[in-house]
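Student: Relevant sequence annotations retrieved from Swiss-Prot are reproduced here:
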REGION    1-311  region 'Ribokinase'
BINDING   189, 190, 191, 192  ATP binding site
ACT_SITE  257  active site
REGION    333-458  region 'Cytidylyltransferase'
């Protein structure tokens, strides 16, 4: 069982559902005829709700007002099975509630009731946090700028968590990210990152600069920016994009909470960062297809994943590939840039498939191709190259690697047979010591990406 400790701003998302077919005679405003009202956890509470749906145990540290809304928040948390004994009621504080007037599944007005000021019980929270941290796998901070995560408290939580060797993930707020310095990663969207860094993110160069600046300036372990309809971007050695999967977007409320919760759950479950981002991306796609703050179940995530086209399902991470059932099957591995797919590639891959039962193609990332072939390559981006390879019926899986050689990939995967071109005759093949056998296949004469590029250039 995964145990997640969350800290931040709790609130209630109050929805007033109605219809509208006339304008008020008193003022030029819509008259909404109320049909129904619903209340659910918002802010940090939505992170909790998402975590519980994923199957996590959740401990909650926060501050609410000593009022009816605060009581409702505590009851809703208890109903979700969260641990609420560490939530402090502060006299004079007004608990947060956001009331949204909804007509035809669209917001027409929002009314907020809340206090926006720093809490006065930071030292009490730090003491509680230190006492219970050992019982949790990971820490998530959800900052909505209402005052719970003051600079002092945030810095202390990061310091204590990192000292314990655990990860701390933060959904940030505001323009000053200095209080988040030293966190494992932040999950800002493009607008938030742009405001915090002081420049617009308008193209790929801006995005890479922003990711690098976030990581370096705030001493993060990893740098990530959510891109709304464009998915999620991660800075490794180069920018890696995880495309968005939502087919219809009804309401983006709470999508950031779902990303934070799902990332936290997956990382606490010892999944790799890339696989965790893939799943968080799916969860966000599920959530934006609903109206109001919502969460994504494993069933919904798997259902959306299964709706990816057949060949797209063949493009997987190394972690996913290691879980593929290989019993009784001979795994054949080959690799390359496959920049401009041509008949020579087709013939080579068909021959490789005939050697065994399962053909895995290791594909050089864009960064890797550029390092090997020069600044003008690749011609086609890694996502396009991977999709074209995966669309071939004789290719079973495509896995992208970022190094110059597939040595680490082969060492981890340990395929049965390693296939290379006949030009490797008499040469040592990278990774050969980790496979049962190396097979060399003749290329089709005159067929190469370089020749095609030169022919196009004239």
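Here the Cβ of each residue, glycine as well, is placed from N, Cα and C on the backbone.
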Student: Other than 189, 190, 191, 192, which residues of the same chain sit close to ATP? List them in sequence order, counting a residue when its Cβ is within 8 Å of the Cβ centroid of the site.
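Tutor: Checked against the 8 Å cutoff, the neighbours are 188, 193, 194, 195, 225, 226, 228.
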Student: Would you mind splitting the region 'Cytidylyltransferase' (333-458) into helix, strand and coil residue counts from DSSP?
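Tutor: Within the region 'Cytidylyltransferase' (333-458) the tally stands at 52 helix, 26 strand, 48 coil.
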Student: Averaged over the whole of the region 'Cytidylyltransferase' (333-458), what is the pLDDT?
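Tutor: In the predicted model, the region 'Cytidylyltransferase' (333-458) has a mean pLDDT of 88.
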Student: Hey, does DSSP put residue 191 (ATP binding site) in a helix, a strand, or just coil?
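Tutor: Looking at the DSSP assignment, residue 191 (ATP binding site) belongs to a helix.
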Student: Could you state the whole-number distance in Å separating the C-alpha atoms of residue 192 (ATP binding site) and the residue listed as 'active site'?
Tutor: 14
Student: Including all protein chains displayed, how many Cβ atoms other than that of residue 190 (ATP binding site) lie within 10 Å of its Cβ?
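Tutor: So the Cβ neighbour count for residue 190 (ATP binding site) comes to 19.
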Student: Specify the count of other C-beta atoms within 10 Å of the C-beta of residue 192 (ATP binding site).
Tutor: 20
